[in-house]
């Protein structure tokens, strides 16, 4: 038995533990039970409660005496008697079971829907009758008043098979391409089917007409959800006469009131897996929904999670035992799990001893940590000299280490380090000495990084401590210096505050003024506390003394002026720096031109004579002629480095770099226009000028007596409006 707790709700897995093979003899089983601790602690609630390979679905009869499970391989049905806690019978089938239902109170009437389109009926003695539906079926429901079986599947029709007449009736034609699930309300017998398009169609069996349609696909999608496909309906369950739960293939559960087309609540499993089972717990108003990964138990009113169960294998079906806290699961595993949750209800009558067992376990709770074992890693084994025990029965491998007996660990520890007690005793003495030193007068040591900030924090802490000691109103707040979260700020040089940076110079007036106000407030509080027993008769302020509001306004004005002054100084320094860089760039340009001219003169004297004559330059297409210096500048840019080109573009206005008050960088680029763009803009300007020259008279629009009345009125308004 395995015990887990989710949201302080105890969950007992009664199927956890080793299972003994059937081919073992009774003597061998008894020997194993004596030796193996896991087999001794296991609880076999129902004997042979398992399938050969996989269990696909599980149900409980209405009288609660029989548990029926369908599985494979080979396809079979097993019936367990809870009164005998053992297997009642087993019947093999011809093909896999898609869905089955119990028509009677016990196991005497069973219906199976097979994967090969056959519908098989079983009575108490065994196989009774077999028929076939036109299309592959996926689910079916039984309508008790009319004895009709409704089959849904890979078709738009819902096939009706009457068990009293023994023949198929007219089918129901739906608007869907395929139908996945169906259910019938136990109160007013409304038939509902879930389609592959994400809709639920409701039909009245009395008139065989559709009476309602719910579009659940759009309601299941929330804001920000990535839509990979249209969600289809994968589970459907009625609760009472008005409520219905709908499960989608994308992992959402929607609760509806049949009188409204909008869901009351949408619960997401967050696994993006189809919901395969829905159940209601009426005593606590809970919903039990499951997909292949997890079983979630939550409130149907608020959606708050009550508890959850996450087995180690995938889940195919979930069945709750009525009026109890027990539930069964059909898994992708031979063993069918049995869970008991005392918070949901008592144990069933046939296993009432579970209540006493769980009460005893709650009185003496077991720790989740192995008390009799010690977890050690490979490094610990090397230090203890026990590496040769790896692979033996003394070490049990677990995760990244091993479990070993705690007695063996203590014995080896004392042998490997016989002076451990002396070291422990010295550590305790050292701790006592350090505690006594804290009571002495300590000299404040400033850290190596941010000394000024640490000194300011110390002064503020002393002021607050002094005020707290005077007022005796609570304890002082802990300082940042004693907080481990800010320890790196006073140890790592990367966190050093640069007082020469622009950001610090802009924020320093504000911070300093806030600190001054804080100190002033502390002094005022101390003065008020000292004079709290004296009653002031004069409530008016003496002349010549400003009020606190005026003082605060003066302080605000002062720090605003300081911030403005700092901004002005920063702008002035920026202008001076750019002017100096521009001068340096011009000087370098002149020197570069002189060097080039000097090299040309020394290389060839004949070319120096030709330079005195006029020179002709060819202007290429798409270029604009400005001056002869542009050619030299372009040649200089081609030979200069990227840093020099960026600086020269910055001076010429092509790029602009600006510093903001908070230290962010803003880079603005002005791109040069091509010849085609300039021609297009010029053509647009010419077109607008041509349109402005074309003016038409609009005087008749403002005249009230018509176009031909009076030349005076026409002349007055002529030419006012222009197209």
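A Cβ is built for glycine as well, from the same backbone N, Cα and C atoms used for every other residue.
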Of 449-503, 669-723, which span is tagged region 'Disordered' by TrEMBL?
669-723
If you average the pLDDT over the domain 'NUC153' (483-509), what number do you get?
75
Work out, from DSSP, the number of helix, strand and coil residues along the domain 'NUC153' (483-509).
18 helix, 0 strand, 9 coil
Within the compositional bias 'Basic and acidic residues' (672-692), how many residues are helix, strand or coil going by DSSP?
18 helix, 0 strand, 3 coil
